[in-house]
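Quick look at what TrEMBL lists:
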COMPBIAS  B:54-65  compositional bias 'Acidic residues'
COMPBIAS  B:123-135  compositional bias 'Basic and acidic residues'
COMPBIAS  B:136-146  compositional bias 'Acidic residues'
DOMAIN    B:5-48  domain 'LEM-like'
DOMAIN    B:75-119  domain 'LEM'
REGION    B:54-74  region 'Disordered'
REGION    B:119-151  region 'Disordered'
TRANSMEM  B:231-249  transmembrane segment
Amino acid sequence: MSTTSQKHRDFVAEPMGEKPVTTLSGIGQVLGKKLEEQGFDKAYLVLGQFLLLRKDGELFTEWLKDASGANTRNAASCCQCLREWCDAFL
Amino acid sequence: MPVFVEDPAQFSKPRLKSELIAHNVTLPAAESKKHVYMELYSKCIGLKSAADFSSDEEDVQESQDCEEREKDPEMIDPCGLTDDELKATLLQYGVEAGPIVGTTRSLYERKLQRLMELAGGRRHSETENADRYSYSEDELEDDQDSEQGRAETVSLVADKQHVDSDIQVPIKDVLMEMFPETKPTPTGIAATRRRPIKGAAGRPVHFKYPDLPASPMAQQRHAVERHMVPLWVQILVFLILGCLLYVIYASMENRLDNPFVTLLDNLSVVTERETKGMSLQA
């Protein structure tokens with residue numbers, strides 16, 4: 001991905017703290033709601049899942065697509081966002 | 001095919017949830033009780049699984065012999081494995097799985113399923129090839145084929161049983177025999193450098209002489225030479241050291257009898273004498 005959205009840059013710029021799941025790049029209101037229904041209401045919970053899958057982008061996007069109904073682009077965007085966050089802060 | 005059906009009552013709630021999600025079933029409200037999930041599960045997936053299994057695999061492997069598939073031990077149901085077994089089996093396919101918990105298990109199960117299908121497809125295409133090259137289609141040949149297949153399956157079953165202790169797979173491919181150092185990939189597609197065939201198409205035949213026994217003197221000399229620094233390096237170091245010493249010496253000499261210092265000394269002596277002489281005259 002050559003260009004990144006403002007949301008992506010905002011998320012990657014600082015520790016996530018208690019940010020809600022919708023602050024993740026690629027997760028909008030609708031997907032965020034679906035994730036919240038399954039208990040993933042904070043961004044760090046999604047990060048947890050990402051880490052559980054060993055930061056494997058393929059598996060994570062698959063999970064995100066299943067869990068929230070995201071499309072491939074959104075899931076890849078979220079994955080990229082988390083990966084960069086990990087590179088910066090983990 | 002013996003379909004392994006688990007009792008949904010044994011599942012935890014998150015497990016049921018993930019199963020439902022995995023089967024594209026819309027979840028009930030977030031705070032519903034377990035039995036709601038269970039009902040949904042048995043309704044949607046219990047019905048589906050039987051049909052799912054047969055249809056799904058026939059789609060992929062329609063041309064394959066059904067009997068052979070049923071005996072195929074690699075098509076074990078990933079849902080029936082324990083977490084440890086699932087992890088070990090994934091490792092066997094070259095996938096390092098993370099911790100297998102409620103939210104990740106279904107993903108790893110599906111990954112394993114995919115890998116198995118790929119591996120199964122590869123193996124079956126190989127047996128197909130073997131069939132094609134066998135020129136007679138009579139009973140004897142078929143028997144032999146199935147015998148081979150059975151032997152293979154037996155070895156694989158044995159493998160599965162001590163999969164926890166070691167992950168070494170016996171060489172079962174012609175390709176793996178030819179290229180033992182290449183890692184088996186889940187897709188079965190590996191890019192390897194093509195090796196020149198010695199002696200073929202006019203290429204010279206190279207005979208290898210591995211480790212000719214050398215005389216003990218030669219071995220000693222080799223051992224000594226290994227420890228020695230080359231001669232020109234020694235000379236160079238010696239010269240550098242010499243130059244350094246000379247420079248130090250020269251600088252010390254210069255400081256001691258610097259012409260200017262001596263000149264100044266002489267001058268001061270002369271002026272002193274002159275002043276003394278003048279004072280005496282006075």
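Backbone N, Cα and C define each Cβ position, glycine as well.
Secondary structure of the domain 'LEM' (B:75-119), assigned with DSSP and counted as helix (H, G, I), strand (E, B) and coil, comes to 32 helix, 0 strand, 13 coil. Along the domain 'LEM' (B:75-119), the predicted structure has mean pLDDT 84.
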